[in-house]
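The block underneath contains the structure these notes are about, expressed in structure tokens.
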Amino acid sequence: MTLTVTHCAPCFQGEWVWVDPGIGVPIGARVKLTDTGHQLLVDDEGKEHKLSQKEEGSIRVMHPTSVEGVDDMIRLGDLNEAGLLRNLLVRHRQGIIYTYTGSVLVAVNPYQELPLYTADQVRLYHGRRLGELPPHVFAIADTCYFNMRRHNRDQCCIISGESGAGKTESTKLVLQFLAAVSGQHSWIEQQILEANPILEAFGNAKTIRNDNSSRFGKYVEIFFNKDGAIEGARMEQYLLEKSRVCHQAMEERNYHIFYCMLAGMTAEQKKTLCLGNAAEFSYLKRGDCIVCDGRDDAKDYTRIRTALKILAFTETHCWEILKLLAALLHLGNVSFEGGVLSGCMTQLMSEFFVCFLQVQPAALAVSLTYRSFMTNRERVSKPLNSEQAADSRDAFVKAIYGKLFIWIVGRINSAIHKTPTNGPKYVRNSIGLLDIFGFENFDSNSFEQLCINFANEQLQQFFVRHVFKLEQEEYTKEDIVWKNITFSDNTDTLDLLAVKPLNVLALIDEESHFPKGTDVTMLNKMNRAHAKCNKYIPSKNTHDMEFGIRHFAGVVHYDSNGFLEKNRDALNSGILKLIEASTNTLLQQLFEKELSANVVKNLASNNRIVMTPKIHIVIFLPVSTLSGQFRQSLDSLMNALSKCQPHFILCFKPNDDKKSMVFDRNLCIRQLRYSGMIDTIKIRKLGFPIRHTFKQFLQRYRVLLNTTVCDPKTSVNIPVWFKCIPLCRKSFVKKRRAAVVIQKRWRGYREKKEYRKLQLGFERLQSTIRGRLARGRYLKELAAAVTMQSQVRGYLARKSYKSKREAVTVLQAHTRGMLARKTTNKMKTDVSAEAAAKPEPVSEQEMVETMFGFLPNTVAVGGREGPAPEGFEVRLTTNAPEPVPIAVPEEQPVVDYNDENEEFSFTKFSALHFQGSATYSHIKQRLRQPLLYHEDEGDALACLTVWWIILRFMGDIAEPKLINQEPSAPTPSQNNLGQRQNRRLSNLVGLDQVLYIRTQPQIQFNFALSVLVCPCRDEIYCQIIKQLVNNKNQNSSLRGWVLLSICLGIFPPTELLMQYLESFLGRGPSSYGPYCAERLRRIVANGERGEPPCWIELQAVKTKKTTQVSVALMDGLSVSLPVDSACTSAEVCQALAKKVNLKDIYGFSLYIGFCEKVWSLGSGGRHVMDAISQCEQEVRRKGEEEQHAPWRLYFRKELFTPWHDSSIDAVSTDLIYRQVIRGLKSGEYHSEKEDDFVQLAAMYYYVTFGSAISGENAKKVVEECITTELIETKSQGKLIQLVNAAHTQGPYINSRRSTDSVKGDVVDYARQKWPMYFSKFYEVTQMSGPPLPKSNFIVAINWNGISFQDEKEKKLIELSYPEVTGVNKSRIDSGQSVSLATLRGQFLLQSVDAGEMADLIQWYLEGLKERSVYAVALQDVNKQDDPTLLSYKRGDVLVIVKDGEYSPARGWIKGTNERTGNTGAISTDTVLVLPTLEKPSDTTLSLLNLSPDQKKTVTQNAHKREEAISPVSLKEFALEYFRQPGKEGGRGAQARGAGREKLWAASKEPIKQPLLKSLVVFLLSLTFPSPILKYMGDYPIKQVRQPIELTDQIFGPATQHVPLQDEVYCQIMRQMTSNSSRMSVDYGWQLMWLCTGLFSPSQSLLRYTQRFLESRPREPLAADCLQRLQMLLSMEPRKLPPHQVEVDAIQQNSNQIFHKIHFPNDSTEVTSTTRIRDLVRNIAYKLILASADGYGLFMKTPNKVMSLEDQNYFFDSLRQTTDQPKKTKKGHCFSGAPATMPYLVIFMRKLWFNVTPGRDLTADLTFHFPQELPKYLRGYHKCTKEEMISLAGLLFRVKVDTDKSQFVMIPRMLKELVPADEMKTMSPEDWKKAGITLDEAKVAFLKGICHWPTFGCAFFEVKQTSEPSYPSIVQIAISKQGVSFIDPKTKELLVMHLFNRITNWSSGSTYFHMTIGNLVKGNSFLCETSLVSGHYVFALKREAE
């Protein structure tokens, strides 16, 4: 080696220098001094070199950066080839394979495994800037990912290098990194990763330079969604080397799949396919290399089969592939023998090909040994010789394998390439990875090497253009002073190969098209065309078939033999015929394109000859060649790369021998040179790596300007930066000096401040220490003092206690003596008094009889005394009850009362509310003041009077002496007893009444009851209860309970006393307690009474039974019904209807008749007993007895509905019919026409006697139907004739109609004829309105309308219901009033029953509108441009079509315009639905069209709103951010010159473009018509749609695209502004509530949104929306639209959301922004668990159980898992309702970290035991026999508790006590002996199994095929340490993988996959199951980390 040094400065020992070894590049050497002082050089290879004195002075010293090497070669000081080469050498020896060159990564193949590709490395490099960490392929991958997400631009990574440089491995690493940082662990990610093993198996092979050389090129494009998650990929393959299937060079192998198949298939499969080992097949042994060191073909085959499963290749697909591969191997063993002219095929092995290729052996033999071609007129077959036949066979094999490879790539793409589901406008970003064959230069290079090197030339040009050309062009464009760098440009080579005319590839294609073209003619053409090109090396002579190309990587010589044949890539027509005849489906799929082109059938086209009948014209049609296809694919690839931001990885190989730690300088320097690395470093170092656009530059640096004006367009000649940045040196220096002064002052101030802070800290520390010492001394002294004090105090206390005890003993002795003497004297006195005045014993029955002596002894049915009014006579029925015997209760009402321990005791009430010293118990003295406080003095005086009455009534005080005077006449207060409930008691009770009471005992009782209706009701109850508590007098107590019973039937207590009274009654005697409690419940339910009790009530109190009253029906029968004091007319009517089976009960009322008067009690809340009491008072006023009051009750029809149908209820029709007939006879119904009576009589004739005609019958009819007055006026005979004639001529005889239908005709006739007789009457006073003759009149309301009448029944005004536009009730100072809005004006009417009257009118109006089909237009609507909507003018009559197409509840109906006949949708806001069942009259229509003012009144009453339009809207916001408004309305509106639309106000017109001007081009915001309008009811919806469909359409796109979120807010607030529909506004608030739980508006809109919500405080949801919005501001937005549960909640007007969680089986409140971790904490808190750590939520669907991520929103997780969108034809996923699968949300323990049984009892019993027991019983744990016996005893205790009789059932319970696989280890009798009982058996069970290694594991049984040494069925146990594989039979642990070794995992529909180890050589494990979830593994792994 010749040593050459260059001149440099002298150096010293140890320094590094450059020396030239004579190889063209200097190398490094280190200076070393010898013992003699001479210098030696030790080079990098360790060789020593002596230097002469002359050479010592000329050594060039090495730059420090080149000594140890640098990460980025731009920082090298020795910027030359030697510096680059040594930098790579040094780092290679250090084991560092990656080096930067700016942003370009240089990767040197280490040929060994390095620990650089673990999951820790992925996390380390993720999110870090390029250059922060040492160079790594992960850094380049992360840069691609970061730039894609930040700039929303597609990225590509071009990995280039020679064959064996490590391109494929680098591609896989980048792919692994992208899948890892995507972080989803989705199945699509695993499918993308698993595509590599398949493609490598079918496309990679061992070559001389590479054991895993890619013999094809591929471009992988990975697609990402907006969140950066992988959602698909697409792969393109380029130029598979098909010739390798048939021919391999020495020391090379065929494709991996053949060797893997033969090594990994089972013996049975190989036997089926007739396969042996690789040495048996010609195609596999031609390279004399069958085994590849470092590869395990059997293991690789398992991996390939696993990958095929993951990529959805079925077993049928796999078997068909294996069959084809086996057929190819067998074809390779076929040999041919014979001469040139005649050939025959031997050893066809026909049975193989019949089975595999499914072709006939003879046809196969012919296709391989003959070739057919077309002459002028006929087809000729030519036999082939042996070589030609072998070539034909090889062509067939190569075609099959090539097509199979393309088919496999297509199947992979169908699995991993998912079409975007968000529509064609959806844009997703991608990262492309190019792994293409490297530059190749072999000893013999053919057509494949030419194509491969051409592709590398293209990539080199792309690299040169991007790094050099574009860079320098940018500098020139920016007028930067720049000296262009010369670089190696391969443009000339590309021109030679493919660009210029007559280029190499074009000449090859041209010659391929000529039938007589040969490789020789092709080579001659190339030599002639390019002889003068310096890049082309022609052949040496005419016999030489080689030519050369000077490529960028060196000169390559190509052997042109076989170029044309390979380029044509055509099959023999006979082979295509063979394929067409094959029945192999896969084989035909592979050649589907060729067969579909009719290649075989149209033979002329196949041979590229077109013949005409007369003239033979030969036309050569262009046929695509292999080079043409490759160029087209390459052009597409370069076009795709040019649209991406590129990143480069240059792969170098250090040596050709594939040895580690060997660095071949010559090889590496050659790679450095042709890669252009030197020039790259220069331009990266000298250039400008940071480039901003003007907008970005201005945003960064405009603060440096002196002015705020900066317009780059003001001058053209001045560069941009000179326009914006004034260069003022003096100003800069001045400012810098000022800044220095400020900084100096600031630093001084800061240091002083820090010093003071530090000083203060030391002082505080000192004080704290001193304080602690002082406190310690103080505590010691304090403890000593306390000890001393305690001793002294104890001594003094004992001494004091002893003296006091002696004194107390003496005092107690004297006191006991005194008390004993007093007790003895009192006992003597009491015995004497009792003996003197002991009364006779009286029973309770005698007391009651004495008390109610004025009542008769028999119990009668009320309502049958005296004569009935005329026309209301009834027949007495026999269903009256028997007299009720009066039972004597055994229990006496005297009880001891002690309720101090109850919550609502009367004792507590008295202590809280009684005045003065009043107690709660019985006394006999008068009260000085009322028990309760009263503001009015008169009330207080009255209460004292009541106390006096109660004492007298109960007999607690004696009766006063009677005053001798006659009873005076009843006073007015007595006459108007029923009206006194509203007057004070003090005004009713006076001295005269008291005197009168004293003289009349019976009247005393009645008066005592009548005064109980005063305002002091609680006082009365308290007085009675007080007298009942501890009352020892049986007579007094019984009277008190009777009085309390009567009071409880009249009025209830107030809320203050209610619960205390209920508690008191609950402790009362059984004879009165329940009875009084029931009366209290009834009076509370039905309200207080207005009259004193009547006679029959007292009868009921006496017997403590219900009262029986008789109610007369109109058919002459009467029904007895039980009633009580609180009974109302509604209850009586309902009971009566139920008893007579009456269904149509509306309009029937209860009437009461007294003497000659009959009035209605209605069917509402009026008390029946009040009406009876009024009758009795009237009788008593006349001086008669009350029990004989002649009142009767009747059940009659009072009102008809306008839509009455007599056919609905026959019973109802019959009762009304009887009522009409009775009314006719009694004269109740009047008519001026006698024909009315005759027609009704004829109908009655038919109903009674049928079709028979008889004079006697007619006479009976006249007597029963016609009034006596009419009979006397008209002769009876005349009437009989008229009735007979009407009956004979009537339509009923001939039609044979049923009697029920004729009864209905009678009812309808009476309803139409006499509507006033079926009316409700109200006395009213007109307060305001249109003038009427009288202000006091009667309002009659019936089915026909409303009539105002005076007292003489003269009609003042009559209104039909269409004329009534609204009714409201209100309260004024003088009472209740009704506001009646009509087309004739608005009437304000005052009435006592105003509420009832308003409700009746409103009910009629609503019922008519609901059934009406007529409406009138209130305004013009022109919708000619929208066929869905109906056009009409104001005043048009519209007929409503009720076919259910539109929902009236949402404000839309379907109708027909009578004027035009058109049909369409109608908005209810623009029409008035008329309350009528018939077409409105012209008079009504004319009233509706009176004037615009009248129309306004009608509209306001029809759509009355309580709230005016809120002042805050989006008007101000719209001025700045909304687009320019357009014209509103359709063509008609524009023609009339309509105004500009208000974009900020509500409109029912669907918007044609977004509101925000920034979204005008964002078409995703457009949905015609807007779903917001549909949801709010402002646009018609034909089909009934679920609300979730519309909310998905509204919020779905907005959750995916942030710019649309403001648009949604704006549209919702716009539609809620100035919206006249209350219903629409309510729906709008629902949308706002949902929206504020999903995402917040932008900062520009936030202020307006808050003001919008704050300005509407009356809205129920406004405050909640504002609160949700404020909460959302600090959280991230939701990712999916609202869940069904949220929509259902707000649809029910509930702002609380509840969702059921199992376990516990309960509902838990959640919010829209509840995260799963928060929900877990809430549930744990409710269950009182010790800690929420380790618990989680799981979702169980029909297919799988999966864990929900803690950080996700609860409802987003539900939707993401359970929704199955219905995709439309266009692929939109939000266009239809999601089909939600059933699911359960389960709460249970997920992570068993630090679980100790017994520490948390609730968790043990609720979760740990139920979760672990099934695992134990299924046999998942490994345990001993003794442990099973012990645990069985514990489980037996859990099952039977302490019931020892269940021991005999142990054999039958074994399945619940013992693991399933261990039951046979002992006999049932042995297990029976093992039963034991233990306390707390569940906890003991957990303690017994907690020490097992599998305790707390999640078990899954799976089927695996990845590891042959494992059983096919294994158990996966996931614990806190990792994932274990267990043999289910032996329970032995097969292997355990810690979480830190699991680098990747994912789960599909039926598979679960894990990768163990690093990302390069990781072991893949695939199992088949539907239960294992990657989320579960992820959760455990994350917690473990």
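Quick reminder: no glycine exception, Cβ is built from N, Cα and C everywhere.
Annotation comment: TrEMBL describes Gly161, Glu162, Ser163, Gly164, Ala165, Gly166, Lys167, Thr168 as ATP binding site. Other Cβ atoms within 10 Å of the Cβ of Thr168 (ATP binding site), summed over all protein chains shown, number 23.
As annotated by TrEMBL, domain 'Myosin motor' applies to 68-763. A mean pLDDT of 80 is what the model gives for the domain 'Myosin motor' (68-763).
Summarising the annotation, TrEMBL assigns domain 'MyTH4' to 922-1102 (among others).
According to TrEMBL, the domain 'FERM' annotation covers 1107-1412 (among others).
Annotation source TrEMBL lists domain 'SH3' at 1410-1476.
The domain 'MyTH4' annotation in TrEMBL covers 1546-1691 (among others).
Summarising the annotation, TrEMBL assigns domain 'FERM' to 1683-1985 (among others).
For 634-656, the entry in TrEMBL reads region 'Actin-binding'.
Below 8 angstroms of C-beta separation, residues 88, 92, 101, 103-109, 111, 137, 140, 143-144, 147, 151, 153-162, 164-167, 170, 209, 219, 221, 236, 238, 430, 432, 434, 438, 454-455, 458, 462-463, 466-467, 662-664, 667-668, 671-672, 675, 677 of the same chain, each at least six residues beyond the ends of the region 'Actin-binding' (634-656), sit close to that stretch.
Other C-beta atoms found within 10 angstroms of the C-beta of Gly164 (ATP binding site) number 22, with every protein chain shown included. In sequence order, Asn109, Asn210, Ser213, Gly438, Cys651, Lys653 are the same-chain residues whose CB sits within 8 A of the CB centroid of Gly161, Glu162, Ser163, Gly164, Ala165, Gly166, Lys167, Thr168, the residues recorded for ATP being left out.
Each of the binding-site residues Gly161, Ser163, Ala165, Lys167 was ranked by the number of other C-beta atoms within 10 Å, and first place falls to Lys167.
The DSSP breakdown of the domain 'MyTH4' (1546-1691) into helical (H, G, I), extended (E, B) and coil residues amounts to 85 helix, 1 strand, 60 coil. Counting every protein chain shown, the number of other Cβ atoms lying within 10 Å of the Cβ of Gly166 (ATP binding site) is 25. In the domain 'SH3' (1410-1476), helix, strand and coil residues by DSSP number 5 helix, 26 strand, 36 coil. Counting Cβ atoms from all protein chains shown, Glu162 (ATP binding site) has 25 others lying within 10 Å of its own Cβ.
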